[in-house]
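What TrEMBL says about this one:
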- A:20-42: transmembrane segment (TRANSMEM)
- A:166-192: transmembrane segment (TRANSMEM)
- A:175-294: domain 'ABC3 transporter permease C-terminal' (DOMAIN)
- A:228-251: transmembrane segment (TRANSMEM)
- A:271-291: transmembrane segment (TRANSMEM)
Amino acid sequence: MSRRRKHQAVPLDRDASGRYLPLLVAIMVYLAALALAGAMVANKLASRWDSGLAGALTVQLPAAAPAAENATGNDPVLPAVVALLEQTQGVIAVDAMQTSEISALLEPWLGDAVLAGDLPLPRLIAVTVDAGQPPDLAALRRSVLAIAPGSLVDDHQRWLSHLLDLAWAVEIMAIVIVAMVVCAAAIMVAFVTRMGLAAHEQAIELLHLIGAQDSYVARQFQNHALSLGLRGGLIGLLCALPTLYLGRHLLQRINSGLLPEMSLLPHEWSLLILLPVASALVTMLTARFTVLRTLARMP
Amino acid sequence: MVRFEDVVLRYGKGPEILKHISLQFDPGSYHFLVGASGAGKSSLLRMMYLAQHPSDGRVALFGRDIAGLSRRETALLRRQIGVVFQDFRLLEHLTARENVALPLQISGEAGARSAKDVEELLSWVGLADHMDALPPTLSGGQQQRVAIARAVIGRPSLLLADEPTGNLDDRMAVRLLYLFEELNKIGTTVVIATHNESLVQRFRHPITRLSGGEIDSSGDSAAAPKREAP
Ligand SMILES: Nc1ncnc2c1ncn2[C@@H]1O[C@H](COP(=O)(O)OP(=O)(O)OP(=O)(O)O)[C@@H](O)[C@H]1O
Ligand SMILES: [Mg+2]
């Protein structure tokens, strides 16, 4: 009959810590899960932007002089630049945007003035280059400037590098958050373990007197901490899932083409699912380490 | 087995509880430790089960000086020592059965065979009906018997019993002293601290008498109890 009951030499399961520790671990795992998911999304965005923009150039020509346009009804500079680009090694496609397209892009900001056509508009050429063998940007820039002074050849690198910096910073922050959460959890478990050692001082002394080694006492604490950490971790992860789902939903609503598919890949999911395992390990190892260290200091 | 050389014991900065104790208990011997309340019997035993280091002098157990023992060695040495504490020290959340099995569990000998040993021993000390009782629900004498069972379950080489019969009626006390006698016959060194002079008289074993922090006299016969202020 008595075998049914779990044989615990140190009655840790009666301590109040058993009630609070899983809750605290749950909160920490929740935070860690959100931070990790954030990092993974930031990483995805970065790689998507990186590959999406690596093969693109934009050439911007200054607005055509009204005189030139009036005279011929068309601007000779634009076809010349397009021809130049098409002949350049490493260029795959050249797409000169129509004035109407540019107007449409700018209309929300400039209103009817654009449509009226009395505003000088720059002309844009989207160039797709072979990412493997990109053209010599400096040479290209010189050739374009020779035909159309005042033009800009932009490979988006500045803009891209700022975005990548941002994504990278988000990832670093997430890692720092996870590290801090782990530290906080360890400190908390160490504290709770010390309280447990003090509360059960007499039982532990008795165990020592009948021949228990420190590792035996440590095992009592670490097994207890393991189950509390695992329980807390699972609760935290379960709470994080609806939050992640909501976050994904909100991100997809503003989907502007810049945002990649937000759902996590299997290996990313498994990282999240490992969180309760990790929390159980952290609490267990901390408890063990704390007990061994505290006992070793005793006379 | 147990050897004290010029041992002095002080608690903190207090007075010397034990002064210059020298004694030797040979392997397989059986000793009574007597003395008035407060004479220092428990303190002497505490040094024998390594709960207390002497303030001065040398203590050797099993031929080893206890001063240089590591924590691990101390634990392993204690497994060969069975102790009946004066205040029992049972774990209140464990049943009688679990309390008795604890030393086996700690030394890694717990198993089906030992579970049977535990039951037999508990039956022998008259607790067949209380194996699954928690200590707080047991009488003082019953708790004492659980404590005795726990001390002997691991067949220790050295048995230290501090007032093991204090809460028992004479019949049960004699029965348990016979248990110690049996253990002694298979080689266990036994040291029993007690007030109970009449019990001491029944068994012919050497007596160590503590008085005023010193060993008063020793010999094979039990001297008449002295009345001394603690
Ligand atoms: N932990 C302690 N701290 C300070 N003094 C102590 C401590 N334990 C015992 N003493 C003192 O040491 C003396 C001897 O105590 P001890 O318990 O060894 O006596 P005893 O012979 O076992 O007495 P009893 O027969 O009543 O059990 C007493 O004067 C007691 O006050
Ligand atoms: Mg005593």
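Note that the numbers count up from 1, one per residue, in the order the chain is shown.
Quick reminder: no glycine exception, Cβ is built from N, Cα and C everywhere.
If one looks beyond the transmembrane segment (A:166-192) by at least 6 residues along the same chain, the residues whose Cβ comes under 8 Å of a Cβ in the stretch are 17, 20-21, 24-25, 28-29, 31-32, 35-36, 38-39, 42-43, 45-46, 49, 225, 229, 279, 282-283, 286-287, 289-290.
Long-range contacts of the transmembrane segment (A:228-251) within the same chain, counting only residues at least 6 positions beyond its ends with a Cβ under 8 Å from a Cβ of the stretch, are 17-18, 21-30, 32-34, 37, 41, 189, 259, 262-263, 272-273, 275-284. Residues of the domain 'ABC3 transporter permease C-terminal' (A:175-294) grouped by DSSP class, helix first, strand second and coil last, total 103 helix, 0 strand, 17 coil.
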